Amino acid sequence: MLEIIILAAGKGTRMRSDKPKVLHTLAGKPFLEHVLDRSAELNADKVHVIIGHGADMVREALAGRDVNFVEQTEQLGTGHAVLQVLPHLNPESDTLILYGDVPLTKTDTLAELRAKVSDSSMGLLTVNLADPNGYGRIVRTNGSVTAIVEQKDANPEQLKIDEVNTGVMAVKSAHLAKWLPALSNDNAQGEYYLTDIIAMSSADDIAIETAQPKDEYEVLGVNNRLQQAELERIFQRQVAEELMVAGATLLDPARLDCRGSIEVGRDCVIDVNCVFEGKVVLGNNVHIGPNCVISDSTIGDGTVILANSILEESTLAENCNIGPFARLRPGSQLASKAKIGNFVETKKAVIGEGSKVNHLSYVGDAEIGAGVNIGAGTITCNYDGVNKSKTTIEDGAFIGSNSALVAPVTVGKNATVGAGSIVTKNSEEGDLIIARAKQSNIKGWARPVKK
């Protein structure tokens, strides 16, 4: 049985923020959510989140998560924090202790650490740093770990040690039940250090087995916004590398932001400053221009999305053409070879095969058939101030420029709407619809003159 404890009670003073540090984001998701995702991948039987500063905000942020909240009302150190969880632990379980502000530790690293745990051993995640300043040092005797000494308590010889404690450890819950109540706060900080259980473990002949991450960034925590930005770039670089290995061309890998997951087919090209949110799937040979934002959308093979376009919860079939400056809002569904041009907005709109909405239009709550042409400035008037209604435009229809289609309304198959019309009644197949005031030309009219 595996239980995970996540320390998330700290105030994060150096973030200079009104919200708890663990709720600040990496790739659009709170640090704490990243740690919880790793917990889920490890198939933890129970996850305990220690909260303190901003406890209500953390509870609200994790409202959909199956976690046990344990509140640390006084901030008396990491050992004191874990002590609060002790009554909730199964004495037969293995316990993995993680930190809510260390978001990039890999699942494989944690699984390796957990494997170190037995009745006669515990696991400790360490790392060797060129600059260990600020970290607790790993003290070894004849190669075996015997203690962790915090920076402020270290002597000159111990300060030379470059192997440092990451804070992440795995241990039998029964051992924690023995060691935690025996912790002392007789140190420079006057706090109860979780790291003091290492010396207790050594004294009880419980071997301390160490593991190290493949990459140093896995154990980097966040204490300020500069470090937050550094981790963001590390994360985004990883995503960029994965996309390029998968066969995508990134015109500048340093200018990509993924805030969710992205799946790419072969020969995709992604230009600079694109943002991907939620779950995004790109087919083969998809080209995305600069400065696009794509959220929770599926893009079919051969589709081209030009610069400065925004897509949200939309589905595009193959060989569509979007933008520049197009906005597809949730519920937009495009069949193959459909085109949405510049300064066009769609919402809950089904656009048929080969249909075109090329310029300056709004298409909302609409179903458009195949081979339809929507002229510039066309508006589907879908909202009467209370209710939304649907516009239906059947196959082959032609909508002239600057037309307003007042829903609910249907334009028949192969019908034509004259430019500037306000359409309020249904039409049948092949109709010509003209709904505008008759033009008058007044001969000899003189412009007014200033008096």
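Every residue gets a Cβ built from N, Cα and C, even glycine.
From a predicted model like this one, the values you see are computed outputs, not experimental measurements.
Going by Swiss-Prot, these are the annotated features:
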REGION    1-225  region 'Pyrophosphorylase'
BINDING   7-10, K21, Q72, 77-78, 99-101, G136, E150, N165, N223, R329, K347, Y362, N373  UDP-N-acetyl-alpha-D-glucosamine binding site
BINDING   D101, N223  Mg(2+) binding site
REGION    226-246  region 'Linker'
REGION    247-451  region 'N-acetyltransferase'
ACT_SITE  H359  active site, proton acceptor
BINDING   A376, N382, Y383, S401, A419, R436  acetyl-CoA binding site
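Location within the structure of each feature annotated in Swiss-Prot.
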residue	record	Cβ within 10 Å
L7	UDP-N-acetyl-alpha-D-glucosamine binding site	25
G10	UDP-N-acetyl-alpha-D-glucosamine binding site	23
G77	UDP-N-acetyl-alpha-D-glucosamine binding site	21
D101	Mg(2+) binding site	26
E150	UDP-N-acetyl-alpha-D-glucosamine binding site	19
N373	UDP-N-acetyl-alpha-D-glucosamine binding site	19
Y383	acetyl-CoA binding site	12
S401	acetyl-CoA binding site	17
A419	acetyl-CoA binding site	15
R436	acetyl-CoA binding site	13
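Reported as a whole number, the C-alpha separation between L7 (UDP-N-acetyl-alpha-D-glucosamine binding site) and A376 (acetyl-CoA binding site) equals 57 Å.
Non-local neighbours of the region 'Linker' (226-246) in the same chain are 15, 24, 26-27, 103-104, 217, 220, 253-254, 256-258, 262, 264, 270; each lies 6+ residues outside the stretch with a CB under 8 Å from one of its CB atoms. Spanning the residues A376, N382, Y383, S401, A419, R436 that the record associates with binding acetyl-CoA, the maximal Cα-Cα distance equals 22 Å. Across the structure, G77 (UDP-N-acetyl-alpha-D-glucosamine binding site) and the residue listed as 'active site, proton acceptor' place their CA atoms 61 angstrom apart. Of D101, H359, R436, all annotated as recorded positions, the residue with the shortest Cα distance to N373 (UDP-N-acetyl-alpha-D-glucosamine binding site) is H359. If you take every residue in the region 'N-acetyltransferase' (247-451) and average the pLDDT, you get 98. With respect to H359 (active site, proton acceptor), the closest of these binding-site residues in Cα terms is R329, chosen from E150, R329, Y383, R436. Rounded to a whole value, the Cα-Cα separation of A419 (acetyl-CoA binding site) and E150 (UDP-N-acetyl-alpha-D-glucosamine binding site) is 77 Å.
Considering only the binding-site residues G10, E150, R329, N382, Y383, S401, the residues lying within 10 A of D101 (Mg(2+) binding site) on a C-alpha to C-alpha basis are G10.
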